[in-house]
């Protein structure tokens, strides 16, 4: 090793950065400190690694103020293959999956049944509400294995990230007196009991936070008649305001919400009167609410009439096969609307997406373009919902489709569970395909 000895007086300028933590998880901006020293150096000519500390990035509330991305359709993004993997591994029994992202990464959520599939406890898991159900959370694309985190106790849920921490809304308890727990940054901050004593429930997809205020739609009351829907405004887990539903929507459940700065917009399920989907507009600043229905005459719920006879006047439920339904989504694109729905008009089979020209602005619009098949009509689908991803220049809309397997339709087995497939908006070109669950029911544990 060569050694060079240098004896001299020099002035060194070191740019050091201090990163002092303050209360409430705030981070002091890094400030340079100039240090001057007179030194004598012995320099060893060898390989040297110099490491510098990088200050943590200042966490900020999300505001979602960028424009919506212009898209031509949707491209495949993720598929977890949970049911296929359950044939030979310990995978949770789940339903009601959804996706939500923090500023750096996307996660998949689902309501577990307190059991894996190859387990006798999986018998009769067709039931929605039991005390053993918990909200599961994994990085998107990671199936719900035994090491999966159970975020909270819940048979109905919603989750969203405000830019600083996760908020989870978790409903559990008796049908006639359930409790909603509000968990922020891993801590229980607030709670609310049932207000109509008839299955308090929430979105089964992501809530939305703008400038630190998160909003979630909750319903308590009849699933096939008049119910009491309220919109909650939450700051760091604390309920700060509750607004009643107003406008012309008659029945609102299982909303799929997205940021439409400075407001939040939701597309929901009318389980009483309409196969056209209700819209709920939420003003974050003044807590005001308005509602109506998607104008497209190609309606989004299941069951529904055939496309020739289906209708929507933008304001009222269409009174066409309104009783029963399925969670779904749509989003506005100028005067047009992008939407997804089952291919079957009668059952949760197949899945398609398309754009309806003037479907957001003109009653009974039926001009369809850019149709894509996500799941072919011979395979089962289920719930679907929206989530938003902020990129450098715009906000992209993505959706997931629940792929239900087992009971009631597949009576060889005693369980009911699901996997998930996810697509995101693209401005590029795309091909064709079908992405069903893919499990051979004869290979599965009974």
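Every residue gets a Cβ built from N, Cα and C, even glycine.
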Additional site residue, 281, 286, 290, 301 [criterion: listed by Swiss-Prot with 270, 274 for Ca(2+)]: 301
Listed in Swiss-Prot for the substrate site shared with 95, 129, 253, 254, 348, one of 149, 230, 265, 269: 269
Spatial neighbour of residue 301 (Ca(2+) binding site) that is closest, considering only the recorded positions 69, 106, 177, 295, 394 and their CA atoms: 295
Those residues of the chain, 6+ apart, with a Cβ under 8 Å from that of residue 211 (N-linked glycosylation site): 61, 62, 63, 284
Any further residue of that chain within 8 Å (Cβ to the Cβ centroid of 270, 274, 301) of the recorded Ca(2+) site: 251, 269, 271, 272, 273, 275, 276, 277, 278, 293, 299, 317, 318, 322, 325
Pairwise Cα distance for residue 177 (N-linked glycosylation site)/residue 128 (active site, proton donor/acceptor) [Å, integer]: 16
